[in-house]
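Working notes, beginning with the structure itself.
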Amino acid sequence: MRVRNRKGATELLEAHPQYVILNPADAKGRWQEIFGNDHPIHVEVGSGKGAFVSGMAKANPEINYIGIDIQKSVLSYALDKVLATDVPNIKLLWVDGSDLTDYFEEGEIDRLYLNFSDPWPKKRHEKRRLTYQSFLATYQQILPENGEIHFKTDNRGLFEYSLVSFSQYGMKLKGVWLDLHASDFEDNVLTEYEQKFANKGQVIYRVEAAFE
């Protein structure tokens, strides 16, 4: 999600260390200590303006959430939502999420969310897709045995590619939704993109895949 630079975004992020972890590499292996409990930890890569991760944190107080985004302006808007939600079970990271092993130990997180990732449709950019095999190998390191990836997209090509990638990696497809909003799936929390697409009547695809 590209947005204009927000004046004062850096200062806003730095002013709220209770939510924004500015040196997450130093937190590697210490996330339970940082949250102050041993609750499960769920991570969203590419949190955008934070509607999903803040909504999930509010709905599930027994789970700790971490939202990651590389764009400081975008993350500052996510922080606005977190401050408005006023829940303790959420942290934000202003980092590149391409190698999550920089910030998490083996098996340290319990679930990963990939919502409306860049589809990188050109074949020469395949390795940049967040469901490419090398990314899956990284995710497997930081997730436990049977750890899950929950994936949503509006892009049919990325959806089909990801189904194949998950399967070829040996993951179990626990659930596949060809039209999420027309299904009986409960407790769906929308992202900003998802709300926009839903308003236009676009189909949303969803997958739950688990490592074995």
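Quick reminder: no glycine exception, Cβ is built from N, Cα and C everywhere.
In the record from Swiss-Prot, residues LYS122, THR191, GLU192, TYR193, GLU194 bind substrate; the candidate from ASP86, ASP96, ASP154 listed for the same site is ASP154. Across the region 'Interaction with RNA' (124-129), DSSP assigns 5 helix, 0 strand, 1 coil. In this entry, S-adenosyl-L-methionine is bound by GLU44, ASP69, ASP96, ASP118, whose most widely separated C-alpha atoms sit 14 angstrom apart. Working note on the binding-site residues GLU44, ASP154, GLU192: by count of other C-beta atoms within 10 Å of each C-beta, GLU44 ranks first.
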